[in-house]
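Over in TrEMBL, the protein carries these features:
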type     : residues : note
TRANSMEM : 39-61    : transmembrane segment
TRANSMEM : 73-93    : transmembrane segment
TRANSMEM : 114-134  : transmembrane segment
TRANSMEM : 140-162  : transmembrane segment
TRANSMEM : 169-186  : transmembrane segment
TRANSMEM : 202-223  : transmembrane segment
TRANSMEM : 244-261  : transmembrane segment
TRANSMEM : 281-306  : transmembrane segment
TRANSMEM : 313-331  : transmembrane segment
TRANSMEM : 337-358  : transmembrane segment
Amino acid sequence: MAESQHVMLSASGGGQEAVKQHLPKDLMLAASNLKRWQWWVLLVLNIVFLLVGQTAATLLGRFYYDKGGNSKWLSTLVQTAAFPLLLLPLIFLPASSSSSSTTTIPRPSTAKITLTYTALGFLIAADNLMYSYGLLYLPVSTYSLVCASQLAFNALFAYFINSQKFTPLILNSVVLLSFSSALLGIDVDSAADSPTIPRGKYILGFVLTVGASATYSLILSLMQLAFQKVIKKETFTVVLEMQIYTALVASCASVLGLFASGEWKGLGGEYGGFAAGKASYLMTVMGVAVAWQVASVGVVGLIFVVSSLFSNAISTLALPVVPVFAVIFFHDKMDGVKVVAMLIAIWGFVSYLFQNYVDDSAARKAKRDAGETSDSFAP
């Protein structure tokens, strides 16, 4: 889903026009049909969906573990199981993906599409499993800050796989986000935040969370590669279909893992022994599933309205927010090391966004200069 261009919104009224020139042709044509106020409403709405969905899913996932839940495969499954909700925008917004240019692009073979979606789906399932272990073995504040490293990994994979250019600001972002995660990794006191978690499992959770962040970024780059080399178009419908079909494969793989591991046998005990009650257990599990799909709608919406690189940057914005709620609801310890790590992560994130702003400003200046040049040659 990640695109090779950086996109950053301008607060000026010309922001929509500046963004459009970064979009693939199909998305540009669809976006041009939106009025300016509709574009900004969709932008804000999708940002809210992404931030609220991701934050709620992370906090509810931690709540599931704290109150007696222990199934890693169930936690993995609920991250994709509510994918049928993505059919709603596919049903109600079919016209936004249509364009006359799509008819000239030959449709890839069914076997090639199936292989692509299957491979990505299994990779997503493995990624979600690592996230599940990380959330189980780490305090939610530490977990969220470590997840911020996904932006650094995204820049690295985009460089090697998608030929994205490195700039000093992007390099600065990569270094800062790496330092932020490393600082938490060597912090001995962080393991004491959850006395019930042995240090060995804390280290395992840290390693798996870093691995999950790297895998997530790899998935984004591979999805972009699939759009460029296999599907060869990137309309709203195609992006949404990829989300749906890969989630279907990931959900099937998670169900297989749930039964193969034998964890399904303990679900009845979890349901009956959940500290907050049976109704709360069901609401928590369903809430996590719905929250992740709300976040997915935000992801897809931002890809359509702006770009997938911008979408990934916004998802990273939620990560420093989660520790604040973790302190409030789960009484996580926010010591000096975590505060410094959070500030470094925010600094890295701002560097990443500022590069987007610089690229957008350069694109708008080039467009303005081109317009002035054409006017000078006008009779």
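Cβ atoms are placed via backbone N, Cα and C, with glycine included.
All TrEMBL annotations are machine predictions without curation.
Most Cβ pairs under 8 Å to the transmembrane segment (140-162), among the stretches 39-61, 114-134, 244-261, 281-306, 337-358, belong to 337-358. A Cβ distance under 8 Å defines the sequence-distant neighbours of the transmembrane segment (39-61), meaning residues of its chain 6+ beyond its ends; these are 9, 16, 31, 75, 79, 132, 135, 140, 143-144, 284, 287-288, 291-299, 301-302, 305-306, 311, 314-315, 317-318, 321-322, 325-326, 329-330.
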